[in-house]
Every structure is written in C-alpha cells, then in structure tokens.
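S.K.: TrEMBL lists these features:
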TRANSMEM  7-27  transmembrane segment
DOMAIN    9-449  domain 'Major facilitator superfamily (MFS) profile'
TRANSMEM  47-66  transmembrane segment
TRANSMEM  104-122  transmembrane segment
TRANSMEM  134-156  transmembrane segment
TRANSMEM  162-181  transmembrane segment
TRANSMEM  193-215  transmembrane segment
TRANSMEM  227-244  transmembrane segment
TRANSMEM  265-289  transmembrane segment
TRANSMEM  295-318  transmembrane segment
TRANSMEM  354-380  transmembrane segment
TRANSMEM  401-422  transmembrane segment
TRANSMEM  428-445  transmembrane segment
REGION    450-474  region 'Disordered'
C-alpha cells in the first residue's frame, strides 16, 4: 500500500487513537466541575474515571481479534462511531448514571479502536523496519494524547464548560471516519481470529466486581455484605478465567506464559505502575490540586505540565537504554524514581511551595517515561517470537487494569475519614510503596540473554496469536 491511500490510513489510525486515549486523562481536570454540577461525591467521580478504564482494560485483548474476524476497517471505523456516540451521551448527561454509562460506551469503543489502529498500521506496511518506525510514530501520538489531556481539558472546562471535553471528540472522530472511509481498504483474517467469549465474560466480571467492591466499600464498609459479595465474586470470576484459559487451545489471555517468572514479574510490575502512578494522578489532579489547593481546571493543567512534559524525552532515553542494556535496568531506574517521587509527595499539604511540588512532578514524569517504554520490550525479550503480539497486548492490559484498581483503591483511601489532606498524603505514600515494591521485584528478574527465545511455532497454540501484520495492544 502506498501513496495517498497509505497516508490517509495512517492519519485516520493516528486520529482514532488520539481521541480514544485522550479521554484517559482529559476528564480528570473536569471532575470537580462535574461533581458540583451533578451533585455527586468522590465515589461518583471514581466511577466517572473507572467507567472508562474498566471496559478498556477488560476488553482490550479481544479488540484486535474482533477486527480480524469481522473486518479491520469495519470495526475500526465503527469503533470511532461508537466512541463519538458515547461522547455525546456524556456531554448531554444530567445525572451520574447516564454519564458513567456514556463513559462505559467510550471504554468499549476504545478497546476496539486502539488495537484496531495498530492492526491497520501493520497491514499498511509489510516491511518490518518501516513498520517499526510507524509503530514508533503511533506511540508518539499515543503519548501526546495522554500528555495533552490535562492542559486541553483545563482550557475547555474553564472556557466552555465540562461537556466540551467530550464534544471535542466528535469533530475529530468525524474527520477520522471521513478519511478512513476513503483510504482504508477492508481486510480480515477470520481463520486466525481467536475469539474467547467465555474468557472475556470472566475477565469483565473479575475486574468489574473487584473495582465495584473497592469503590463502594467507603459507603457500605469493608465488612458489609455488598462489599464482601462483590470481592468474593471477583475472586471466583478470576479463578474461572484462569481455568477457562488453561483449557482453551486459543486463549484470549496467555495464562501459560505466566509460568515463566520473568513474564509474571513484568506483568505484575505493569499492574503496579498503573496502580501507583495513574491512581496517584487521579488523586493529585482531582483531590490535591483542585479540592485541597483550590486551583481551577486550567491552572491544574498548567501545574501538571512539568510531569507530563518530562515523560516524552525520558521515553526516548529509555528506548536507547533498552537497546544498549536490555529492558530491566531502565525499568528498575524508572520504577525507583517514580516510587520515590510519589512517596515524597506524602509530605504535601495546601501550603507546600510549588517549586517543591514541581520538582517531585518532574522526577515522577522522568520515572514514568523510563518505566513505560521498556515494558513491552521486557516481555518481547522473554517470549517466543511467534507470541510477541499477544504478550505485548497482555502487558498493556495489565497496566490499564492496574489503573482501574489504583483509581478505586487510592481514591477510596484519599477520601476516607481523617480529613482530605491526611487522606491524600496516605494515598500518595501507598502509591509510592507499591511502585517501589515493583522496582524491588524487577531487580530479581533475570536480564536479557539469560534464556534464549524459542523460534518454533506450534500451529494450534499459535493459531490465535497476532502476526506481525496484525499486532495487538497499546
């Protein structure tokens, strides 16, 4: 594929990814305005955030397979259309329930759009080296979406009101669909599309029940029947997921790969980073900078710039360090810096000078940039080449699942009894402790070259694994 058609495909794929991932962070600065307008509490705000993150994390592994089965163009453009519909529902919401429902629609759509965009890029460029460069460019757009969310959201909230952070997706989505309709050729690979509906339902039930039980524990109590019931359901669904995936010759989740300690550690660390860093981002944006210090949405976006701007250059450095030394060393350094910065934020109060806050934000941003980039490389060093697609998708799903749990747990801790300032400090120290524990765990992970990667392919075991032309994950 070449010429204008290829360019149009890439533009559509990048734009679709941008709007899908923008909503991971753009909503945070709007949450205090939403809280006042819809008259909800911190629990409600947690659901506004996790209403998007839970379906994104739970469904991401199946998103690419759906495109392979039913048509990549059809699913990708349909996913953007669904995302726009969810955005309109969010913008028009007059109550919390409708807003959370709209966010859930957005999350389902994002789980289709993001892996779908990667698959389209893989189809557009068969040459591995050129495809790798396009994937790097896609990664830059993904990072730009997440980084620009707080500042763009702050400007929109303070000038046009909180519904505008959702409506901005509509013109961008329409442009992506219009370009995609003209330039994306339809393709499918149903023979290699491994759909796992039973495993998918178990994954949704496990993550959804766990998140619900944690968030609602603040209202009902940790020992209440509703809380214990949902937490028990999460354990049962999680165990069922493992059993189903072990029995499935083409599983959605490659459970057997977790028998390798290195793969298990890399994924556990990704959960910890999502939990600590992204959960703390929710606490900092909503509860500390806006609730405790009283900053506006726009000011909050500006104050977060040192952290967000530090991520990109650190990610570039991380790529070079990974190429030279393997993934483990930059990951350990990144996790350590992030954990120290988050734990250091445990001294913050309403009067802390911003110079001190900004310094901690920079360290946290550098740490995250160093930690995230090598994560996919870490699992690619571990697994056989024929399983790289599903392995990279798994580690990214792990980070999103950690994000959902971090928002649930840390938000509940921060809003608990004892006052907001004390709750914020406790939650940030807890976030730092989790990330530092992951850094210690990564130290124990064998480095590159300790086990050669297999190049053999089992046709049955690999039947559902994305080929180089159809990657998965984010």
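Backbone N, Cα and C define each Cβ position, glycine as well.
Bear in mind that TrEMBL entries carry predicted annotations, made automatically and left uncurated.
How about a rundown of where these features are and what they're close to?
M.R.: Below 8 angstroms of C-beta separation, residues 1, 48-49, 52-53, 76, 79-80, 83, 87, 103, 106, 109-110, 113-114, 116-118, 120-121, 124, 134, 137-138, 141-142, 144-150, 152-153, 156, 165-166, 169, 172-173, 175-177, 179-180, 182-184, 281, 403, 474 of the same chain, each at least six residues beyond the ends of the transmembrane segment (7-27), sit close to that stretch.
Proximity of distant same-chain residues to the transmembrane segment (162-181), defined by a Cβ-Cβ separation under 8 Å and at least 6 residues beyond the stretch ends, is recorded for 8-9, 11-13, 15-16, 18-19, 22-23, 26-27, 30, 33-34, 37, 73, 76-77, 80-81, 83-84, 87-88, 90-92, 102, 152-153, 156.
Within the chain, the transmembrane segment (193-215) has long-range Cβ neighbours (under 8 A, six or more residues past its boundaries) at 43, 46-47, 50, 54-55, 57-59, 61-62, 65-66, 68-69, 226-231, 233-234, 237-238, 240-241, 244-245, 248, 250-253, 401, 404-405, 408-409, 411-412, 463-465.
If you look at the transmembrane segment (265-289), the same-chain residues 6 or more away from its ends with a CB under 8 A from one of its CBs are 25, 28-29, 31-32, 42, 45-46, 49, 150, 258, 295, 299-300, 303-304, 331, 335, 338-339, 342, 345, 348, 364, 368, 371-372, 375, 378-379, 382, 394-396, 398-407, 409-411, 414-415, 420, 423-424, 427-428, 431-432, 434-435, 437-438, 441-442, 444-445.
Beyond the transmembrane segment (401-422), the same-chain residues lying 6 or more positions past its ends with a Cβ under 8 Å from any Cβ of the stretch are 24, 41-43, 45-46, 49-50, 53-54, 57-58, 207, 210-211, 214-215, 217-218, 270-280, 282-283, 286-287, 291-292, 349-350, 428, 430-431.
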S.K.: Could you pull out which residues elsewhere in the chain have a CB under 8 Å from any CB of the transmembrane segment (134-156), counting only those six or more residues past its ends?
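M.R.: Cβ under 8 Å, 6 or more out: 10, 13-14, 17-30, 117-118, 121, 124-125, 164-165, 168, 285, 296-302, 304-305, 308-309, 311-312, 315, 471, 474.
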S.K.: Report the mean pLDDT of the predicted model across the domain 'Major facilitator superfamily (MFS) profile' (9-449), rounded to a whole number.
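M.R.: Result for the domain 'Major facilitator superfamily (MFS) profile' (9-449): average pLDDT 89.
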S.K.: Determine which residues of the chain contact the transmembrane segment (354-380) at the Cβ level, with the cut-off under 8 Å and only residues 6 or more beyond its ends counted.
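M.R.: Contacts with the transmembrane segment (354-380): 262-263, 266-267, 269-270, 273, 277, 303-304, 306-315, 317-319, 321-322, 326-328, 330-331, 333-342, 344-345, 348, 388, 391-392, 394-396, 399, 445, 473.
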S.K.: Cβ under 8 Å to the transmembrane segment (47-66), counting only same-chain residues 6 or more beyond its ends: which ones?
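M.R.: Non-local partners: 23-24, 27-28, 31, 34, 75, 79, 96, 99-101, 103-104, 106-108, 110-116, 118-119, 193-196, 200, 203-204, 207-208, 211, 215, 252-253, 282, 389-390, 393-394, 396-397, 400-401, 403-404, 407-408, 411, 464, 466, 470-474.
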